[in-house]
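In what follows, a single structure is set out as structure tokens and then discussed.
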């Protein structure tokens, strides 16, 4: 067993590794991360995860639900540390896995991977408490500076390989007819299907039909009506053919920036620094989508709010079918917005041991017909100019999104975590 | 400084033995066990004051609140605790909202003598701040604080040891601001023949304040405590409450569980679970001239309660990343107020407060 495997085993047991090992690990991780671009390319299949926030036992639950590394290919969208009681163990374990299986796990930076934020929200204090000095915190912060700012997932299938898992509630069961594309599946932590949504086949033909329901709860009423007789979909348009081009999926922690209109501009940033208070790098880690037009001021005091028009424009220009981001607590674990052009994934159940929310991870499958490679159009600008018909433009504007399988899970049971060693804080007003 | 050193002996002694572990009688074994359980619960409730005091200290240290007395009651040698920005902001909103309601009451009919009764006051500093602020006015005020004996003793020790506070009490007293600290288990007010609270003047317009206090009592007891004051004070009376609400959603359920694991039981929470229920409760308590309730999030977002420049100031104090969490937490606490009598109507009905009819839209 190598030292690294030993460290992994120790961290999996939620026991910190010695300071000297942390230093070595951080050094190796930096050497690895320095080679990555600001935007890492990741091939599907991949499982995308949102904020972890030091909730170590829930991270273990995530691995139980989503599969272990290296069997599952993971992409974590930042905010590994702060708030929870085990930021150190959580981040170091992810870092060990990164060093051990560099091609099976991708880590990008969240706004909490910063010196300033970690001194307010707990990671600094935790390191001080667990090691008696700030050295380990300093090593980790140096790693933070090298984390990529985003990831581009390519080769994701536009439809899901239907699982043969049972339905959690048999009355919601839907069978998939030939020609139907399964677009969204929601699975509970036992692996049972909660809902399944079949892609609208007539996408683009009328504005009504081209708006797939934006949340799984809405699909419940619609899916059963799709149980047509087998064969009715025989002429069904597009499914399966690789030429139809599901776009790529951009993953960032926060969102977009008014200073960034193309992914290439992200690639040009000098990322190897503390997260600045403003500017493009700050925005990517701090911004939030919101039901507004254009750009708005963020209540967080950093980054911006951006509306559906901004997302559609950005996705179109960059051949994206979806932006995947984290950063905002969503009670249901995930939330699709703006006609499924952006999704928030949140992976810290019962956030801060207080919020009562459930968590989610997002699985994107591999487009098998295409050997994992999605052709990317270069002439996208001309393409939209060429389409004068409004309906056609609508159709061309929106690339077919990837099939999305969400697995939701709740906080790990109390007995698995033991009580936090830390004295409880005044989480409430008394 | 009038006080009740041992009120339990006055009240027929129904609960007379509880706080003193059965001194004087020989309890049976069963009694002793039940007794120690209840004493444990009481201690947990008493200790909630330390939480409140720590949170106040944190908010003061960071510049949210200006309160020169927070440090005195918290302890000069104790390390200032670090609280998360959302807790600091919540402490700020709670304090400011209640301060404002108190100020409106004191400002109306400025020559009239008034009375404030703070239930479960703990280490609260409001009276001392009022003495400071009223130095230029000729405010006449009788101020009562009621709490468990242990908390009162702690406060009394602080008062005795602080030259500054002693001076303040004296100068306040000379100007007609009198302060009474009573060691009193509120449950003793809920019995059939409750004790008199010394120096409680039934003729004065009286404002009761319960900041996270009545919610720890069984709802019948909480209602009986309000009845006690309602019966003793025939004229103008009002109550300002600060309490958690909405226990039935995911955040609320988790709150109930988490607090229960610390031994804290919010006994009235399910009964008064909404802004509407809080107002109904105030109405039923005889505060029939007007009731209103807002959750902390509404108070924070409302320009009328929180001047935009003040909101801007406090948003610059700390980088608050937990926006969604703030919205969750702040929507689970409310300030509710209800009144009867003209003094309060004048103070509250026009500005910020509301009549029974208008406040329907606030639910």
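Here, residue 1 is simply the first one shown, and the rest follow in order.
Glycine is no exception: its Cβ is also placed from the backbone N, Cα and C atoms.
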Checklist entry - Which one, B:75, B:120, B:235, is listed by TrEMBL in the same S-adenosyl-L-methionine site as B:94, B:185, B:186, B:211? => result B:120
Checklist entry - So which range, B:1-56, B:281-336, gets flagged region 'Disordered' in TrEMBL? => result B:1-56
Checklist outcome for this item: Of B:94, B:120, B:185, B:211, the binding-site residues whose C-beta sits under 8 angstroms from some chain A C-beta are B:94
Next on the checklist: Is it possible to get the count of other C-beta atoms within 10 angstroms of the C-beta of residue B:185 (S-adenosyl-L-methionine binding site)?
Outcome noted: 19
Checklist entry - Which residues, sitting 6 or more apart from residue B:120 (S-adenosyl-L-methionine binding site) on the same chain, put a CB under 8 Å from its CB? => result B:49, B:146, B:147, B:148, B:186, B:210, B:211, B:212, B:213, B:214, B:216
Checklist entry - Of the residues in the compositional bias 'Basic and acidic residues' (B:28-53), how many are helix, strand and coil by DSSP? => result 25 helix, 0 strand, 1 coil
Checklist entry - Which number gives the other C-beta atoms within 10 angstroms of the C-beta of residue B:186 (S-adenosyl-L-methionine binding site), all protein chains shown included? => result 21
Next on the checklist: For a quick check of packing: other C-beta atoms within 10 Å of the C-beta of residue B:211 (S-adenosyl-L-methionine binding site), how many?
Outcome noted: 24
Item to check | Count of other CB atoms lying within 10 Å of the CB belonging to residue B:94 (S-adenosyl-L-methionine binding site) | outcome: 24
